[in-house]
Amino acid sequence: MLFTKLLGIIILVAGVLGDVHSAIRDRRQVDSCSERPTYGERRRCAVKDGVNQLLQKRDEDWSWGELVQAEAIIALHLAKYRVFKKTKAFLYISVKQMNIDLLSALSKDNSLTSKVWGRGKLAYYALGMKATCQDPKDFYGHDLIDKLKNHLIVSSSYLESNKFAYSLILIALCKAGESFDTHNLDAISTTPGYYTFGVDEASLVYMAYHCVGNPTYKNAEDSAFNFILQAKNENGTFGNEYSTALAVQAIFASGNRTLRRQTKTGIEYMINSIERSKVPFTSLLLSVLPAIARKSLLDIGLWQCPSTEQGTTTPSTPTFLIGITVFNNITANNYDHTWSAPLQQGQTLFDALVNLNNTDQTFSFNSKTTTWGQYITSINLMTASTDNRQYWQILGTDGNPLQYGASQTFPSQRDRYTFKFTIW
């Protein structure tokens, strides 16, 4: 019934908007982007032209082909469309096509554990849900995040030999605000300098570690990032267009503004590749558009989603994720667990703990009010005893103790905090 309803929407909107699709196909040709006088102009021109070309790639059903809808939506999201508004029906109809792909697959295999879906494809669709302001935990009654966690188990033998796919799943879970065991982070760790699929794999591994923000794996994160930087060729690329695109994504995901200049030649290379192709393959556009736009998978869903109330659309308060790690090697057997905690702009680190406690049953904590604010007394039933000179020390992203307590600390996007069981 639901499938039929969505199909009806597709048919209806497609019929109404046939002239819009034709208009896009017949758009006025722009001058070659490579002829623009400055790098910034060439880059912006390439993004605009690439988005238009990607939209032209859709068939009569407003689809990009079998099971690539999510990747196309992600590319459009990162390159241009921060929010897919229903009022832009020529665009939103492809979001519905993505949903139909997924509903069709779910009707045949509710667990989605086939080789196609269980080895990373569902991760793209979960990210596609985030990109289009849909809840991957409640997709028409289906919890896609729970299914992804199940993939880590049922497809473990494959994923452990393919860290690219494994890391992609972890990124999707992280962006959904989900926690996972440290053995999953161990699984994507590798001998420094060795990555089966080279720069491609190292880029995904790095972004997975960076998204989670567990300081225990900082060395593994840095090893992957250094591998990427050292893989840069004399001509400024990191391999072919696909590898270069992932390397550029990783560099922008790092937030290191000093390193951004190292991507200029690679971005120029990708711009030229699109122009040389005249009619570039869809797969090429899906790969290079986010990188040319200087965005990464970690940017998915960072923009405000509209909330409809009484017929009007109002912006919701921006929500972002921070890393929360709990470490105890004193009263527990090397307890080390990391969560991604949701937080809104203006909230404190203590608010993040409250949010996490309310949304994740694997996390709990207690505190007491003091003259200096909220004092954390226990986390996950691990209680610090003042009689035994124990307390929960809070370390910041840089690994140093915080100057202020949890209720006076205001985190930013991608900050990482460690609550370390300590003896004074």
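Placed from the backbone N, Cα and C atoms, the Cβ positions cover glycine too.
Remember, TrEMBL labels are computer predictions, not curated facts.
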Consult TrEMBL and report which candidate among Cys133, Cys211 shares a disulfide bond with Cys174.
Cys211
Radius 10 Å, atoms counted are CB only; among the recorded positions Cys174, Cys211, Ile376, Leu402, which position scores highest?
Cys174
Nearest recorded site to Cys174 (disulfide bond) by CA-CA distance, among binding-site residues Asp200, Asn240, Tyr375, Ile376, Trp424:
Asp200
Out of Tyr375, Trp424, which of the binding-site residues has the smallest number of neighbouring Cβ atoms within 10 Å?
Trp424
Cα-Cα, Asn240 (cyanocob(III)alamin binding site) versus Cys211 (disulfide bond), nearest Å, comes out at 25
Measure from the Cβ of Asp200 (cyanocob(III)alamin binding site) and count the other Cβ atoms within 10 Å, all protein chains considered.
20
Near Asn240 (cyanocob(III)alamin binding site), how many other Cβ atoms are within 10 Å of its Cβ?
15
Report the DSSP secondary-structure composition of the domain 'Transcobalamin-like C-terminal' (346-422) as helix, strand and coil residue counts.
17 helix, 29 strand, 31 coil
